[in-house]
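Visitor: Take a look at this one; I'll ask things after.
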Amino acid sequence: MGEGIIIKRKRADTKMRPRDHVAARSREAITPLAPSAETTTLRAWAEVDLAAIARNIQAVRRLLSRSCRLMAVVKADAYGHGVVPVCRAALAADAAWLGVATLGEGVALRLGEISAPILVLGGLTAGEVADATAHGLSISITSQEMAEIVLRHAGAVPPVHLKVDTGMTRLGLFPEDVPVLLDRLTAKGVPVEGCYTQLACADEPDHVMTQEQLVRFRPALEAIRARVPRALIHVANSAGALTSPHTHFDMVRVGLAMYGLYPSPQMASLGSLHPAMRLYSRVVRTARVGPGTAVSYGAAYRTKTSTTIATIACGYADGYPRLAGERGEVLIRGRRHRIAGRVCMDHLMVDVGDHSVEAGDVAQLFGDAISADEVAAWAQTISYEILCGVGLRVPRIYVHNGVS
Ligand SMILES: Cc1ncc(COP(=O)(O)O)c(C=O)c1O
């Protein structure tokens with residue numbers, strides 16, 4: 001993803017907060033933020049509010065102790081928001097570290113002239129470890145096999161963080177293997193910079209699994225504290241950062257919350273995050289049709305009465321999930337309309353009844369008036385997948401709304 005277009009403008013109208021939007025949903029017509037005027041030639045676009053990114057980081061920061069650092073997790077093109085502008089906003093808002101999943105994502109940031117500390121969270125091959133050194137990236141030791149690679153290349157490896165598997169059974173070293181490995185790494189002069197684990201159930205506050213994971217992490221924690229006292233300990237993701245101070249340690253790794261969404265609906269009552277992305281498209285055709293007219297593939301939708309079908313230039317190739325067809329809603333002229341029939345690759349259709357809708361009208365697919373969580377529910381998935389799924393052909397338009 002390139003740097004996109006950066007626009008500075010004032011917020012267009014309402015001062016609605018996320019909670020207000022929940023209430024607003026029950027009203028018939030709502031007033032979302034107007035999209036920026038600079039998008040008049042676009043068929044679909046994702047507006048990304050960098051001020052919201054900054055405010056969300058500050059909102060999380062307020063929950064942390066002064067000494068606790070914040071890693072902005074910017075893998076997958078910053079959850080679809082566009083990585084370089086998001087990193088700049090996050091760093092300016094006091095994120096100390098950046099987290100990426102792959103070597104390529106880290107290198108892309110260095111090429112984008114981002115000089116902040118970057119941790120690659122995923123595992124690497126021997127060749128990739130050498131590239132990480134060349135680009136000044138910190139790496140995670142994600143398996144015993146990778147530990148052996150690092151030991152073989154000791155002297156030419158970047159700073160390492162030990163990733164510990166305490167219950168995800170995805171990546172990491174077993175906690176009981178950490179003390180011996182630490183001895184071998186330090187004996188060979190490998191710079192050990194951190195030690196971390198990933199929580200599996202922190203999105204459900206007080207889940208017993210979180211406590212169990214912290215207990216399993218303890219041998220690793222004690223070993224590293226004894227051998228490398230300056231190493232950074234980090235455990236919490238967004239959910240942990242928002243709700244579980246005992247998981248904060250020296251740093252929290254924050255992804256979803258920075259993008260303004262809550263890891264679970266119960267957390268929405270915390271109330272100070274603002275969704276940074278709004279996905280918009282345009283009505284490209286309206287058709288007045290009679291009752292019984294079939295709409296979209298499979299003719300699965302039939303109009304009940306005379307009505308207007310509006311075609312919107314956004315489909316599953318743009319990241320709007322096909323599964324949201326029939327259930328989902330889009331916002332046109334401040335009013336929600338139900339998707340009629342199946343979502344196509346490049347288009348979806350909505351039944352707007354007798355409401356006045358014209359070709360050229362802007363439709364909001366998600367953002368402030370319709371949340372990514374709602375779209376996720378329609379598509380039987382989670383908001384993470386909706387954000388990451390926004391297609392490459394959808395330009396990201398950067399704005400800086402500066403809402404108080
Ligand atoms: C290791 C690790 N830490 C932190 C995060 C950020 O998680 P969240 O977006 O829930 O804050 C992720 C994301 O999946 C991750 O894999």
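Placed from the backbone N, Cα and C atoms, the Cβ positions cover glycine too.
Source: prediction; values computed, not measured.
What TrEMBL records for LYS75, TYR297 is active site, proton acceptor. The feature substrate binding site is assigned by TrEMBL to ARG170, MET345. According to TrEMBL, the domain 'Alanine racemase C-terminal' annotation covers 276-399. Positions annotated as N6-(pyridoxal phosphate)lysine by TrEMBL: LYS75.
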Visitor: Pop the Cα-Cα gap between MET345 (substrate binding site) and LYS75 (active site, proton acceptor) into the table, whole Å please.
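Guide: Counting only the Cα atoms, the answer is 25 Å.
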Visitor: For ARG170 (substrate binding site) and TYR297 (active site, proton acceptor), what Cα-Cα distance in Å is obtained after rounding to a whole number?
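Guide: Spelling it out, the Cα of ARG170 (substrate binding site) and the Cα of TYR297 (active site, proton acceptor) are 39 Å apart.
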Visitor: Among all protein chains shown, how many Cβ atoms are found within 10 Å of the Cβ of ARG170 (substrate binding site), not counting that one?
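Guide: That number is 10.
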Visitor: How long is the line from the C-alpha of MET345 (substrate binding site) to the C-alpha of TYR297 (active site, proton acceptor), rounded to the nearest angstrom?
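Guide: With distance taken Cα to Cα, TYR297 (active site, proton acceptor) is 11 Å from MET345 (substrate binding site).
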Visitor: For LYS75 (active site, proton acceptor), which of the three DSSP-derived states applies: helix, strand, or coil?
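Guide: Going by the DSSP assignment, LYS75 (active site, proton acceptor) falls within a helical segment, counted as helix.
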Visitor: Just to be sure I understand, if DSSP states are collapsed into helix, strand and coil, how many residues of the domain 'Alanine racemase C-terminal' (276-399) fall in each?
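Guide: Computed counts for the domain 'Alanine racemase C-terminal' (276-399) are 22 helix, 47 strand, 55 coil.
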Visitor: Just counting, how many other CB atoms are there within 10 A of the CB of MET345 (substrate binding site)?
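Guide: For MET345 (substrate binding site), the 10 Å Cβ neighbour count is 11.
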Visitor: Need one number: mean pLDDT over the domain 'Alanine racemase C-terminal' (276-399).
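Guide: Average per-residue pLDDT within the domain 'Alanine racemase C-terminal' (276-399): 98.
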Visitor: If you count, for each of the active-site residues LYS75, TYR297, the other Cβ atoms lying within 10 Å of its Cβ, which residue has the minimum?
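Guide: With the active-site residues LYS75, TYR297, fewest surrounding Cβ atoms within 10 Å: TYR297.
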